[in-house]
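Listed in Swiss-Prot:
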{"type": "BINDING", "residues": "SER23, HIS59, ASP233", "note": "substrate binding site"}
{"type": "BINDING", "residues": "ASP125, THR157, GLU162, THR195, HIS221, SER222, ARG223, VAL224, THR231", "note": "ATP binding site"}
{"type": "BINDING", "residues": "TYR136, GLU162", "note": "Mg(2+) binding site"}
Amino acid sequence: MSSLLLFNDKSRALQADIVAVQSQVVYGSVGNSIAVPAIKQNGLNVFAVPTVLLSNTPHYDTFYGGAIPDEWFSGYLRALQERDALRQLRAVTTGYMGTASQIKILAEWLTALRKDHPDLLIMVDPVIGDIDSGIYVKPDLPEAYRQYLLPLAQGITPNIFELEILTGKNCRDLDSAIAAAKSLLSDTLKWVVITSASGNEENQEMQVVVVSADSVNVISHSRVKTDLKGTGDLFCAQLISGLLKGKELTDAVHSAGLRVLEVMRYTQQYDSDELILPPLAEA
């Protein structure tokens, strides 16, 4: 192996603004396969760490792949430090996790990382399931999120169903959802963005609710009828990008929602089953 060594000057290492830890597909636009190009459109450097590697989502007639083995997963994380690629790291985001053991490995890595990066923004999308499908991850993942990742996160982005699972509370109306979100706040966890709160069905609206200790902001967006997958992953990519570019939380959430709507409508124009990113207009 040593005879192949070419790059040993760590001062030349490419640096990341963001490490994105979530699923990856060979075909399609979910997980890091949509998040990475979206983040790069915002002019930020991102390193993608896969938790599962799949041919495509399970919504097609064939489907291959699975969770990344723990040895590989821990090695991917360790290698970023061995390459000295995290000197300028500002944020870590997480999405779909393959196993509870991955969550524990990631939490241990984040805990060590925070010693050198005390201001690191950790944003967790606790992907567990939704109202229509129920839980679609391994049954031990919700407890792993509660035990390992929520105590490290500064912000989380659950949907209503995931908020119910994490808190054990009914969240089907706005007041109860807000109360449940507030019950999760702590010295570390500063905000919860509920990504699918109750909206106005008659007016074709959906709501995103931003909950912190000091305020609650309800943001309404037009509802787009679609079966497109990966919109939540895109939302989180846009949200973390907006925050790192200096936007206030509620403004970043609003802008992320508008961008998702723009991408969905653009994709529909091309009659595609997978999200297509249009160029990003500078504000």
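Using the three backbone atoms N, Cα and C, a Cβ is placed for every residue, glycine included.
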ASP233 (substrate binding site) versus ASP125 (ATP binding site) - Cα distance in angstrom: 8
Distance in Å spanning the most remote Cα pair of SER23, HIS59, ASP233, given for substrate: 17
Proximal but sequence-remote residues of the same chain as HIS221 (ATP binding site) (Cβ under 8 Å, at least 6 apart): GLU205, MET206, GLN207, VAL208, GLY257, LEU258, LEU261
Integer Cα-Cα distance in angstrom, THR231 (ATP binding site) to TYR136 (Mg(2+) binding site): 17
Extra residues within 8 Å (Cβ to Cβ centroid of SER23, HIS59, ASP233), substrate: VAL25, GLY28, VAL30, GLY31, SER33, THR57, TYR96, LYS229, GLY230
When distances run from the Cα of HIS59 (substrate binding site) to each of the binding-site residues TYR136, GLU162, ARG223, the nearest one: TYR136
Rounded to the nearest Å - Cα separation of ARG223 (ATP binding site) and ASP233 (substrate binding site): 17
Distant-in-sequence Cβ neighbours of ASP233 (substrate binding site), under 8 Å, six or more positions away: GLN22, VAL30, GLY31, ASN32, ILE34, ALA35, GLY95, ASP125
Neighbour count (Cβ, 10 Å) for GLU162 (ATP binding site): 25
C-alpha spacing of TYR136 (Mg(2+) binding site) relative to GLU162 (ATP binding site), in angstrom: 11
Binding-site residues: HIS59, ARG223 - member with fewest neighbouring CB atoms within 10 Å: HIS59
Site of maximum Cβ density within 10 Å, from binding-site residues SER23, THR231: SER23
Alpha-carbon distance [TYR136 (Mg(2+) binding site); SER23 (substrate binding site)] in Å: 14
